[in-house]
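The transmembrane segment annotation in TrEMBL covers A:12-29, A:87-104, A:151-173, A:194-220, A:226-246, A:258-277, A:289-308. Look at TrEMBL and you will find A:314-340 tagged as region 'Disordered'.
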Amino acid sequence: MFTALFGAFESGIIYAIMALGVYLSFRILDFPDLTVDGSFVTGAATAAILIVNGVNPFTATIIAMLAGFVAGCLTGILHTVGKINTLLSGILMMIALYSINLRIMGRSNVPLLNTESVFTHVSDFWGKIGIDSALNSMLVAIGLGDSLPRTWGILLFMFVITFVIKFLTDFFLRTEIGLALRATGDNQRMIRSFAANTNVMIVLGLGLSNAMVALSGSLIAQQGGFADVGMGIGMIVIGLASVIIGEALFGTKTIARTTLAVIGGSIIYRIVVTLALRVEFFEPGDVKMITAFIVILALVLPKFIDGYKERKRKGRRQAEYRKAVGVPEEGNGGSSASIK
Amino acid sequence: MEAVLQLNNVHKVFNEGTPDEKIALNHVNLQLNQGDFVTVIGSNGAGKSTLMNLVSGVLLPDVGEVKVETKKVTYLPEYKRAEMIGRVFQDPMAGTSPTMTIEENLALAYSRDKRRTLKKGVTKKRKEYFKDVLETLHLGLENRLSAKVGLLSGGERQALSLLMATFTEPSILLLDEHTAALDPSRAELITSLTKEIVERYQLTTIMVTHNMQQALDLGNRLIMMDKGQIILEVDEEKKRTLTIDHLMQEFKSIRGTSLTSDRALLS
């Protein structure tokens, strides 16, 4: 159980980078960008094929990010220059990327076993410091000694990376360009009247968003030990799930708060899926259905709760009013009958 | 005097070659000198909005040229022209970004004529400056710098829009019925703010309005439009003695019919 949750946490924090990318396009730019399903794999495929061919994994990861950036920019150009509807330009790019990803990999699956990756470097480095044994002995002390994680290094390393990206995003969105980007998602007519080129903003925003998605994809490939052409299916929904769950649970008061919420949402999503799959009824293939269900729940539940609170509040007011005026408690038909 | 805005022989047709063809502007000439404040009146469909859109670059003319200061901007895209042109729209929601704070909105406007960079949009120094300019609105907004603009009332938002459009001192200010969507007391507030701000920065301004009294009270020149043409131009001297009745008579004598705009009459 602990190992499973630990794994969920670890991949949740890697997928959080993808969720931050989705947040950037979906919420900040108000652009439902389906490119994500393709660019996630583009990141994974680029990194995998470069690593297999002996490129340093850090360099490979950065190139993967650039590939994602280009993919996002292309979607933006389809929309702004080609004047294609937002959803459709994302779908077109996604479908084109499927073939491109196959071309990049040369086959549908590239295994990364026994090759070095960003994480083997981190683990090696981590092993030399020897904090693992200290942390593990702590776990043993609190009675969780029977299922120790391989290494804490990856988790902590990913925490650092994800938070660096979070803080960079927060900072960027407060710069002059970042403000113009946010205004583009909010009120295009207005920001054009303040001399910002909204087309450039959309292309830039989608580029950055998909660079994050591709980075996440390349790291997932290196962590999981393979890149597969189908690994991006439904990624946009997972990203949305993370954004929506995070926002609902942790709030959206400021940008910094929201990006933190998105990271939290990503981790919680992974934990929920992990727990759900431990229910005997579910098979691994049910993950997508569970995901869809979580998103629906996260979308519907807050409205339902708000509606319930509103009704309750009104009911209370009504009762107070009756008390004040001295009208006795009546049934539902009473008040309408008196109006007639 | 130096011309800040020149429209030379500007012509615009919508839906050309279809049964819905409509000449929105019919070979219009207009020149604004430095510090001119022109109010534009006319019934619906007279071409007032088209005129504004051609100046701001939302629409491009079929024939003719548009010059701002000495620069020919006829085919310059909207966002480039916006460096020199401030605008306030009719809809109070249109001029600001609701999910962003007051200071962030001002920072957006502050970057109008500058290159946007990766430096922070809202700095301490700018905050002080924003506070100073917000104080001139007398609405207490200077104490709510970090409030989201979506929480402001329509009047407050329009006052903020007006400030954002003007405090960088653009060459031209375009006001497109910017008080029409407000209740009378708020409209009055925005009108007086407009007067104050235009005087303070000596802005060259075009204001479209349906409110004849407003058109007479504000500005040093007045033009009346009908069917895509400027049918009456009133200069500074004549405008001082002008009344609504005069304007109605003028229209009647030029067009042979009475000015039929309920909104114009009501106000």
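Cβ coordinates come from backbone N, Cα and C, glycine included.
Quantities reported herein were computed from a predicted structural model and do not represent experimental measurements.
Contact between the transmembrane segment (A:289-308) and the transmembrane segment (A:226-246) is supported: at least 3 Cβ pairs lie under 8 Å, counting only residues 6 or more apart in sequence.
Counted as Cβ pairs under 8 Å, contacts with the transmembrane segment (A:226-246) are highest for A:258-277 among A:87-104, A:151-173, A:194-220, A:258-277. Counting Cβ pairs closer than 8 Å to the transmembrane segment (A:194-220), the top stretch among A:12-29, A:87-104, A:151-173 is A:12-29.
With a threshold of 8 Å between CB atoms, the same-chain residues lying at least 6 positions outside the transmembrane segment (A:87-104) that come near it are 31-39, 41-42, 45-46, 49, 71, 74-76, 78-79, 229. Same-chain neighbours of the transmembrane segment (A:12-29): 36, 40, 72, 155, 158-159, 161-162, 165-166, 169, 173, 181-182, 184-185, 201-202, 205-206, 208-213, 215-217, 219-220, 223, 235-236, 238-240, 242-243, 246, 258-259, 262-263, 265-271, counting only residues six or more beyond its ends whose CB sits under 8 Å from a CB of the stretch.
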